[in-house]
């Protein structure tokens, strides 16, 4: 009897143990199945964008691109659609050789040239004589500076021919007429120093400066009014000199220097009152600072000069030859750093900016030099 009871208990224990083992296996299988389902559920969230992770039902229940769409059913705030704004057009750089150049230009000074006509011919030129090409981005910003007094007739011809030419050259430029006030002796180089400073006050972006006499008009638009690695002399073949360079060191008429080149030579001399000498002094400054003159081909650098009598109060400077010999010393103290003047008026005209200045008066001839 006891053996029978013992055998029965043994079978019962084995059965209970088997059931416990079976229960454990089922629990383990269910655990891993639930874990796999949770893992798959959360992996779907991790692959969505942050907006979808925060609002998983927004993309399917709300059409935010429609003005009358609503998110009330989902309980989410309405979000306006993010429409791409207009992109600014990419303006390419201006070509080295502008495509609209015509080459040789016929220049004549016989027909009347009213300023109103010149203004009608140049509708793209802004107030103050500023212009920038609409279809390309120039590499330089050019200030054209004209020393001036009592030459309104010449200025109208200059504006008539130069504005169309500069626009064909795809320049970003401004024209500044530096008008010497009063009837004291004329001082061309000092007016050019004033023009350099006043142009930079208006626009610090100027990095190229063209210094032009008002009575000189280029005969070829391939004579590009730009600055290069060396100072540039543009007017190398004037009709006045038989379309030849008068002498090797001549730097008169029309010239161009970058801002860095101009500052390197301390600008132009201020003490050349009257006609002559300042161009040769400028040439000496360029040579003494280790730079060389760059010039266009003689067939391109041709100019016509408007014939006129010599201006009153612009007599030849009797001290000019002595001064030229002393450039090495005088350029250290006489130049852009020592120029003194007073601006009387700044007037922005349709085709140019007129700056009237008082530049003082010369010392007596006995104390000059």
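Quick reminder: no glycine exception, Cβ is built from N, Cα and C everywhere.
The shown structure was predicted, so the numbers you read here are calculated from the model rather than taken from an experiment.
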Of the residue ranges 58-90, 91-123, the one that Swiss-Prot records as region 'Disordered': 58-90
Per Swiss-Prot, 277, 278, 279, 280 bind N-acetyl-D-glucosamine; matching candidate in 232, 244, 320: 320
Cα-Cα distance linking residue 215 (Mn(2+) binding site) and residue 275 (UDP-alpha-D-galactose binding site), given in Å to the nearest integer: 15
Span of the N-acetyl-D-glucosamine site, taken as the largest CA to CA distance across 277, 278, 279, 280, 320 (Å, rounded to a whole number): 10
Distance [Cα-Cα, Å, rounded] between residue 208 (disulfide bond) and residue 136 (disulfide bond): 18
Listed recorded positions among 94, 136, 149, 151, 187 whose Cα sits within 10 Å of residue 278 (N-acetyl-D-glucosamine binding site): 187
Spatially closest candidate among 149, 277, 279, the listed binding-site residues, to residue 94 (disulfide bond) (Cα to Cα): 279
Of the recorded positions listed as 136, 277, 279, 280, the one whose CA lies nearest the CA of residue 147 (UDP-alpha-D-galactose binding site): 279
